[in-house]
Amino acid sequence: MNGDLVLLIVVVITALSFDFTNGFHDTANAMATSIATGALKPKVAVALSAVLNFVGAFLSLKVAATIANGIVDSGAITLTVVFAGLVGGLAWNLITWYYGIPSSSSHALIGGVVGATLLASGIKAVKGEGLMSHVIIPAVLAPVAAIAVATVGTFLVYVLTRQVAEKTRTKGFKIGQIGSASLVSLAHGTNDAQKTMGIITLALIANGTITQHAGTPFWVVVCSATAIAAGTYIGGWRVIRTLGKGLTEIETPQGFAAETSSATVILTSTHFGFPLSTTQVCTGSVIGAGLGKRLAQVRWSVAARMGLAWLITLPAAALVGAVAFGAAHLIGGALGVIVVFTAAVVFAALLYLASRKTAVNAGNVNDEWVGSGTPTQVGTPV
Amino acid sequence: MSWIDTDALWRVMVASLVGGVGIAALFSVGLIGLSSGRTVGRVAGGVCFVLVIAGVLLGVYVMLDK
């Protein structure tokens with residue numbers, strides 16, 4: 001087995017691992033509100049979301065074999081840069097999961113690639129304008145748009161249905177909420193699984209395994225769909241808890257309005273080609289659902305933690321990406337990549353072990369929210 | 001301003017406000033109709049739900065069309 005093949009295999013495994021973390025990190029986007037309101041049992045919710053993510057991955061197969069397109073000079077993208085970028089995104093996904101913070105997997109990946117590229121090819125290879133228009137401005141606008149839609153939606157929903165019998169209202173909105181959450185899951189599968197397919201296809205082309213115009217091999221589609229669905233099913237309970245219980249207490253009508261808002265904002269942004277992060281949209285929708293109901297409380301300290309995490313997503317992932325590239329480059333060849341990969345696996349294992357001390361699972365995900373709201377306070381109501 | 005596609009941005013804002021709020025409102029009106037107990041109310045409610053489903057199908061179409 002030669003060095004190139006080893007490198008390719010490690011890149012593919014890392015890409016699928018990233019896809020897996022993408023899945024469990026983002027389960028919350030679609031399902032946190034349905035779990036919080038009891039519209040769906042926690043396990044049922046993650047299973048439904050997993051199936052829809054899997055199906056979504058097959059819906060549209062116009063895969064673009066790109067990574068950080070328009071942000072990094074495509075000539076600067078080598079297999080090692082892709083690998084280091086993935087490690088940066090992975091690390092940031094795992095850290096934010098540990099702290100129960102919903103954060104954009106796409107932005108983390110872009111950060112990782114930018115960091116690796118900076119070290120590999122210098123500042124010239126990074127397009128500042130692309131970074132601004134693809135990441136930074138959308139990151140500010142996504143929550144704003146979602147908050148606006150969800151606030152008005154929630155307000156209207158409560159005003160319109162104030163005469164409707166409580167039983168009918170709760171049951172009706174439960175059904176509506178499950179429907180709109182399903183749409184968000186489906187959209188997530190089409191969007192995010194395709195990114196991994198694109199990365200693996202890019203790696204295969206770079207290695208000469210397939211030609212530029214060969215299209216994505218079917219095994220890549222199946223593996224990416226499976227990885228994201230498996231991740232979704234594992235359920236990022238820590239993030240689900242923050243989004244469903246931490247930001248605001250959600251009732252069924254609010255959950256319905258929030259998910260409807262998320263689905264429409266995500267799909268219109270897809271349609272008009274203005275990329276908005278699913279995670280930021282969904283978080284904004286939940287905040288809006290809190291604002292739209294009179295006297296509902298939004299825990300701004302929790303929202304501020306998220307805002308801070310979003311601010312440092314790009315530089316933090318970039319730092320890890322750069323360090324990963326530096327280390328792999330310094331050691332050199334396939335061995336360098338294997339050493340960095342091993343370090344990433346050890347880091348993930350340690351973080352997982354640390355998370356066991358304050359484990360969040362299907363059983364305690366809906367416990368009362370206490371304290372300043374980190375998952376460490378789970379299960380210890382005051 | 002080349003780094004911000006204001007055209008697309010406005011479309012997204014307007015379309016998601018109209019679509020998101022519209023669907024939430026239609027669904028609510030549907031529930032009012034359904035619980036009114038009168039036939040005309042139920043029919044009107046049914047029409048609202050059909051429109052909501054049409055909105056969902058439009059969403060799925062957008063996904064497929066990407």
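Every residue number used here counts from 1 along the chain in the order it is shown.
Note that Cβ sites are derived from N, Cα and C of the backbone, with glycine treated the same way.
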### Message
Quick check on the annotations: TrEMBL lists transmembrane segment for one of A:105-123, A:181-199. Which range is it?
### Response
A:105-123
### Query
Which of A:44-64, A:308-328, A:334-354 shares the most C-beta pairs under 8 angstroms with the transmembrane segment (A:218-240)?
A:44-64
### Message
Under 8 angstroms, Cβ to Cβ: which one of A:76-99, A:135-160, A:308-328 has the largest number of such pairs with the transmembrane segment (A:334-354)?
### Response
A:76-99
### Task
Give the one range among A:44-64, A:135-160, A:308-328 whose Cβ atoms make the most pairs under 8 Å with those of the transmembrane segment (A:105-123).
A:308-328
### Message
Using Cβ atoms and a strict cutoff of less than 8 Å, what residues sit near the transmembrane segment (A:308-328) while being 6 or more residues removed from its termini?
### Response
80-81, 83-85, 87-89, 91-92, 95-96, 99, 101, 103-104, 107-116, 118-120, 131, 135-136, 139, 280, 336-337, 339-340, 343-344
